[in-house]
Amino acid sequence: MKLPIVAYGDPVLRKKAENISAEYPELQTLISNMFDTMYNASGVGLAAPQVGLAIRLFVIDLSDKDEPGYENFKKVFINATILEEKGVLWDFNEGCLSIPDIREDVRRLDTIVVSYYDENWVQHEETFNGMAARVIQHEYDHIEGKLFTDKLSPLRRAMLKSKFDAIKKGAIKVDYKMKFPLASKGKKK
Ligand SMILES: [Zn+2]
């Protein structure tokens, strides 16, 4: 089942998300709905705050990427903690399903060490690099209440202000269901 994606400006995107336990109600359904929602919007990652839940959960699927090594990269990250970021800084043009129509270069380190639980509550401590690290860092920011646009210069953010305002109001064209914080009632659903 597809869920509406929360748009830029909603306070849930600014909350530091909470850990969950294995007793979290209907967790497997939520995970499955998050994948459905992400695929429908042609995304490669989706974090729980983006569907309105301030919990430490995100899903990633890079298996459609042409790059070798990602053929089976479909993963669920529960209660993740980035333990270390290292390597070299690199720029990549990022976008976000909660911030449609804005894509900007973001500089991040290329290697991370992450501890997390998977959907079967098996704990992992793993090193990722390149695109996998990039997407994990982006989704991890979501569960910390941060957005990729926070990393832009104040000048760049000022230049994008009218676009941010349009997104908050839902005055944009987007081909998946969203929930806009400042939309008039008729537009919310
Ligand atoms: Zn995002």
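Here the Cβ of each residue, glycine as well, is placed from N, Cα and C on the backbone.
Mapped onto three states, the DSSP output places His142 (Fe cation binding site) in helix. The annotation Fe cation binding site is assigned in TrEMBL to Cys96, His138, His142.
Per TrEMBL, active site is recorded for Glu139.
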Given the recorded Fe cation site (Cys96, His138, His142), which additional residues of the same chain have their Cβ within 8 Å of the Cβ centre, ordered by sequence?
Gly45, Ala47, Gln50, Glu94, Leu97, Ser98, Glu139, Asp141, Leu147, Phe148
